[in-house]
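S.K.: Pasting a structure below so you can have a look.
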Amino acid sequence: MISRKALGSLVCLSAVATLIWIASGNWKVHYLPYYLPCPGIFSKKLQYLGDKPVQLFPQLFYQQPRVLAPKRQDVLTVTPWLAPIVWEGTFSPEILDSAYMPLNLTIGVTAFAVGKYTRFVSRFLKSAEMHFMKGYRVNYYIFTDNPKMIPDVQLQPGRRFDVVHIKKYSSWQEISVRRMEAINLHIAERSHREVDYLFCLDIDMVFHNAWGAETLGDMVAAIHPGYFNVPRSQFPYERRSSSAAYIPDGEGDFYYGGAVFGGLVKKVYEFTKICHMTILADKANGIMAAWQEESHLNRHFLTHKPSKLLSPEYLWDDRKPKPPEIFLIRFSTVDKNYQEVRN
């Protein structure tokens, strides 16, 4: 038996088809002030599992955006595939927070403190509490081979950090390539139930200015501070064709840093899984890519373009002088003796 609702939909569709057939003939078209009684079609609202309901922007007062007067004319603010590049002056934190705050999001952060890198945990967390996603719930996941060396840092309400015990490896290169695997397993086992977005950051870095909702996106990559103003022929891509991270000469958009990436937790899960698989393929062939997981990250983003790019403001190197294009530095590496901390 056909239900009354289904029968109503069929009648509605039949009426629409009849009107189209009439209009397509040679008859003169008349526009009638008549609306078909099809409320069942238009009243359906689907909410997929895990999705947050769309929020309306509240009434805000801000300067009118001007089409012919962009705030930034000195830098590229959108990629050829229409992904925004986030620079200071290209967004309004107030407008973004008015949209994202009502969603009650939880933002996750993974960082690896292995070996001597535990010394950077306290400064990383204290600076994050001052600048990272203020007003949002945040879960910090600190991966370490020595949980006893992780300090207890006072966090704001609604924010917590968990220590994730991982295996100790013999070299920093092995630690580097194992990072994708560890993040992927943690998402599968736990964090996919706990966070909406996940950022994967290096622990030997410090927040200096606000890092907020402007960084949220499906899949987010950060432009490397060492290569944002040079031609791609100078990018340190993996150039051996035998590697799964291989990028031929003449290809590539930007050089992305491995110290910062993130996005929706389900997107980060897929990304880390693919990168881990390509790393395993190289390992089976006795190959380690030029810059370990960073090389595989760049290869992936060549064919799977990120939906949002963060300017070098979000991944700076304190040893470099600040160029005029960088209005402020939000997140930067700690000056250190790499040989000493990696031994």
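Here the Cβ of each residue, glycine as well, is placed from N, Cα and C on the backbone.
Reproduced below are the annotations present in Swiss-Prot:
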{"type": "ACT_SITE", "residues": "Glu294", "note": "active site, nucleophile"}
{"type": "BINDING", "residues": "Phe112, Ala113, Val114, Gly115, Lys116, Tyr117, Asp202, Ile203, Asp204, His224, Pro225, Gly226, Tyr227", "note": "substrate binding site"}
{"type": "BINDING", "residues": "Asp202, Asp204", "note": "Mn(2+) binding site"}
{"type": "CARBOHYD", "residues": "Asn104", "note": "N-linked glycosylation site"}
{"type": "TOPO_DOM", "residues": "1-6", "note": "topological domain 'Cytoplasmic'"}
{"type": "TOPO_DOM", "residues": "28-343", "note": "topological domain 'Lumenal'"}
{"type": "TRANSMEM", "residues": "7-27", "note": "transmembrane segment"}
S.K.: Report the mean pLDDT of the predicted model across the topological domain 'Cytoplasmic' (1-6), rounded to a whole number.
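M.R.: 53, rounded to a whole number.
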S.K.: Counting across all protein chains present, how many other Cβ atoms fall within 10 Å of the Cβ of the residue listed as 'N-linked glycosylation site'?
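M.R.: Its Cβ shell of radius 10 Å holds 11 other Cβ atoms.
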S.K.: My understanding is the cutoff is Cβ-Cβ under 8 Å with a sequence separation of 6 or more in the same chain; which residues meet that for Asp204 (substrate binding site)?
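M.R.: Once residues fewer than 6 apart are set aside, Asp204 (substrate binding site) is near Tyr117, Phe120, Phe124, Thr333, Val334, Lys336, Val341.
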S.K.: Count the other Cβ atoms sitting within 10 Å of the Cβ of Val114 (substrate binding site), across every protein chain shown.
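M.R.: Its Cβ shell of radius 10 Å holds 21 other Cβ atoms.
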S.K.: Mind computing the max CA-CA distance among Phe112, Ala113, Val114, Gly115, Lys116, Tyr117, Asp202, Ile203, Asp204, His224, Pro225, Gly226, Tyr227, which the record assigns to substrate binding, rounded to whole Å?
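M.R.: Largest pairwise Cα separation, rounded: 29 Å.
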S.K.: Of all the binding-site residues given, Phe112, Tyr227, which residue's CB has the most CB neighbours within 10 A?
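M.R.: Most Cβ neighbours within 10 Å: Phe112.
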S.K.: Just to verify a number: CA distance, Val114 (substrate binding site) to the residue listed as 'N-linked glycosylation site', in angstrom, no decimals.
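M.R.: Per the Cα atoms, Val114 (substrate binding site) and the residue listed as 'N-linked glycosylation site' stand 32 Å apart.
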S.K.: Here are the recorded positions: Asp202, Glu294. Which has the lowest count of other Cβ atoms within 10 Å?
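M.R.: With the recorded positions Asp202, Glu294, fewest surrounding Cβ atoms within 10 Å: Asp202.
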